[in-house]
Amino acid sequence: MKLLVPVKRVVDYNVKIRVNPDGSGVETSNVKMSMNPFDEIALEEAVRMKEKGVASEIVAVSIGTQQAKETLRTALALGADRAILVDATSDPKQDIEPLSVAKILAKIVAEEKPDLVIAGKQAIDNDMNATGQMLAGLLGWGQATFASAIEISGGSATVTREIDGGLQILKVALPAVITTDLRLNEPRYISLPSIMKAKKKPLEEKTLADLGVDLTPRLRIVHTDEPKQRSAGMRVGSVDELIDKLKNEAGVLS
Amino acid sequence: MTVLLLAEISQGHLVTDHVARALSAVSALGEVDVLIATDQGGADAAAQAAKLRGVRKVLLCEAPCLAHGLAEPVAALVKSVAEGYSHIVAAAATYGKNILPRVAALLDAMVISDVTAIKDGETFERPVYAGNAVQQVVSSDPLKIFTVRTASFQPAPEGGSAPVELVSAPADPNLSTWVEDRIVVTERPELTSAKRVVSGGRGLGSKENFDAIVRLADKIGAAVGASRAAVDLGYAPNDWQVGQTGKIVAPELYVAVGISGAIQHLAGMKDSKIIVAINKDEDAPILKVADYALVGDLFAIVPELSKKL
Ligand SMILES: Cc1cc2nc3c(=O)[nH]c(=O)nc-3n(C[C@H](O)[C@H](O)[C@H](O)COP(=O)(O)OP(=O)(O)OC[C@H]3O[C@@H](n4cnc5c(N)ncnc54)[C@H](O)[C@@H]3O)c2cc1C
Ligand SMILES: Nc1ncnc2c1ncn2[C@@H]1O[C@H](COP(=O)(O)O)[C@@H](O)[C@H]1O
């Protein structure tokens, strides 16, 4: 079984982001960048499938700038066999919309013919939570989003999904698209030898012209602002004072 | 402009609060039709939706493949009735987030997730970077497709009496099959619509200790929430998680106990009206967003609070 794992390069989740005061966006130069945490989980799941003998090959794909090669090297170090960079923009500030990403991935799927695509449920920069579902729609494949457990057998995947109120288990015929939730697994640390080995693994580059996808965005970002800040609160000294404030000042308890 | 609102169905029932909030979010855009997709017993859900004020008509589709809200058949249904609408929306809960991006791809439109404000028919606000920035976007798609964050809108009231129209189901795409739902049925208020929420974090130390949070919540009629750390450690079930990747809540009162206030957690609760933080660490970031902060040992404070309330 062949697996395709799309990985996005995003501002590291530990970075306290800064919004440019002119409303032009979020400051991304000189900040630490990493693989989107959900994609790390997707890749870890793929590697575990390979270790169990369920999967035979893992292809990681990233769509973005040349810098996304770093993310792909990380993917190779984590255990992907090959990597594909789709060089889609030279502007690191341009975020490529999920619809375009899904269209590009659909082209890659047509070439690579994977049995399963495992994507993250959401990119932690744009917080869209859309690409996997869109890709499944474009391909006419089944989808299982927000996965916290995956089992492959007999040409289908049984997936436990995290939904409001609890869990849903469904069985989806392969090929399919699965998106990962946080509790699916805990990604391993990358060892030094695997970083060295990753340098020898193939990393192929494609251009948009190769794929023939129109990237014209459907959404125009007018401006990006800081969220409303909360005004500073107060310290209370005791439980009695807290209850008094909640009842008589805030009026949220009676 | 006419809006199609995909109603959220859970265990065969209308999730009225989410539908009512999505409805009030979009009612300024024009007339709103509500689409209900279910296998059977849809008449009750349809009757409930028809009562919401601002609904023009309810479209009801009952078919075996629509049971359990599987994305592929529901998305195919939405596509089949999409003609003539200017906007297609759903609440930004797991139901809508699973289905609407697929619908958008089928209709060659971009989906706009988690809309928190609607400026006009094509201009929307949505948070990015875990709520640390807010984007205003203008959509050039002829058909706009988006999910709305329920915590940002008040529910539309009852008092309507819209007609119910039956629509036929598309062919079953037969791509996935439902196996089982493991839904916890509870008497407690639902997290995303509760007026009060009490949440616990890693500071609770164990599943047994977490019961103190549940007791406090029950005492004041609150829903129970948790940080991701508390969920990962098994103190609380996953659907209690509040945050960037969990539930977004904006109750009148949010009490955070033994939670440090990581940005991913704040993303899910910082729009609460009143925030109370109980933490032993003077420097915990949660104290910076709290209206009332009580610094001290939660194991002393929480029982005292439960007793005195
Ligand atoms: C991609 C991604 C997504 C994430 N999404 C979410 C999300 O949706 N929601 C979420 O919550 N997290 C999320 N996280 C995790 C987040 O970064 C934090 O790790 C998590 O919120 C920490 O949980 P906590 O505050 O319970 O634990 P900690 O940070 O360990 O804090 C525990 C707190 O308890 C206090 N404490 C300990 N003992 C006591 C005592 N006896 N009395 C009083 N106080 C005490 C401590 O002072 C401390 O402040 C995400 C992380 C990533 C990478
Ligand atoms: N530019 C990209 N390159 C590779 N994968 C991506 C890209 N954008 C999104 N994805 C994948 O789609 C998932 C969901 O992203 P989003 O829909 O943007 O929240 C991510 O976790 C990735 O797996």
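Here, residue 1 is simply the first one shown, and the rest follow in order.
Cβ atoms here come from the backbone N, Cα and C positions, even for glycine.
What TrEMBL records for B:3-187 is domain 'Electron transfer flavoprotein alpha/beta-subunit N-terminal'. According to TrEMBL, the feature FAD binding site maps to B:Arg202, B:227-228, B:241-245, B:258-265, B:Asn279.
Where TrEMBL records a feature, it is marked here on the structure.
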| residue | record | DSSP (3 states) |
| --- | --- | --- |
| B:Arg202 | FAD binding site | helix |
| B:Gln241 | FAD binding site | strand |
| B:Ile259 | FAD binding site | coil |
| B:His265 | FAD binding site | helix |
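For chain A, the nearby binding-site residues by a Cβ gap under 8 A, listed in sequence order, are B:Gln244, drawn from B:Arg202, B:Gln244, B:Ile259. Residues within less than 8 Å, Cβ to Cβ, of B:Gln241 (FAD binding site) and separated from it by at least 6 positions along the same chain comprise B:Gly225, B:Ala226, B:Ser227, B:Arg228, B:Val231, B:Lys247, B:Gly268.
Looking only at the binding-site residues B:Arg202, B:Gln244, B:Ile259, B:Ala262, B:His265, the densest Cβ neighbourhood within 10 Å occurs at B:Ile259.
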